[in-house]
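Let me begin by presenting the structure, written as structure tokens, before commenting on it.
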Amino acid sequence: MTLTTQFYTMLAMSGMGLWLGASLDTYRLFVIRAKTARWLLFIHDILFWIMQGLLFFYVLLHVNEGEFRIYIFLAVLLGVATYQSLCKRIYIKILKFVIYLVVSVYQFFKKLIQHVLFRPIVWTCGAIIWLAAFLFKKTYSLIGFLLLCLYKIVMVLCFPIRFIAKQCLKLLPVKMRLTFRRYFEKGAGFLKKKKKLLITIRTTITRFLKR
């Protein structure tokens, strides 16, 4: 190994020492050890050191073809010590500012999307539902009114027929009148049941529309 290669190796490993110090502070800032489960923290630590080891070996492979020397560890310690004494405070301040800036930008765009996209969609859907319920209620009321008018018209038109039918029934024998009365009572009971069902459905729909 030539002196030039050794010099580049020392320089690269010192830089990697600076990188290691900054990486440790970044890792500690993002991973809150007191609030993280032990098994998850163990996995994080293992992955962190594996990534650091692979990165160190990659740099060393490009600088001196992956040869290990004692001075390499000394250069790494020198880089870490330099970071701790000169760069740590500045780096942490810059890192916290960048995190604050990223979070602020994220919150801004989140609120912007909520106000510009989501709320108008919610308001539009609410207006459509209200309009559909209003139209359904008015249509239901109109149909009920028309059916009531039709019922009254039919009753008025059928009044002569009913009157004639009653008079004809009076002329029939008693047994036949009783038979007709039973059939009429059964029909009236059936109609009452259907009427109660229609009233129940109408009440349910009216309560739903009033909400």
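Here the Cβ of each residue, glycine as well, is placed from N, Cα and C on the backbone.
Going by Swiss-Prot, these are the annotated features:
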TRANSMEM  7-27  transmembrane segment
TRANSMEM  40-60  transmembrane segment
TRANSMEM  66-86  transmembrane segment
TRANSMEM  90-110  transmembrane segment
TRANSMEM  116-136  transmembrane segment
TRANSMEM  141-161  transmembrane segment
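No contact links the transmembrane segment (66-86) to the transmembrane segment (116-136), because fewer than 3 Cβ pairs that are 6 or more residues apart lie under 8 A. For the transmembrane segment (7-27), the list of distant contacts is 1, 44, 48, 52, 55-56, 59-60, 63-64, 69, 71-72, 75-84, 87-88, 91-92, 95: same-chain residues at least six beyond its ends, Cβ to Cβ under 8 Å.
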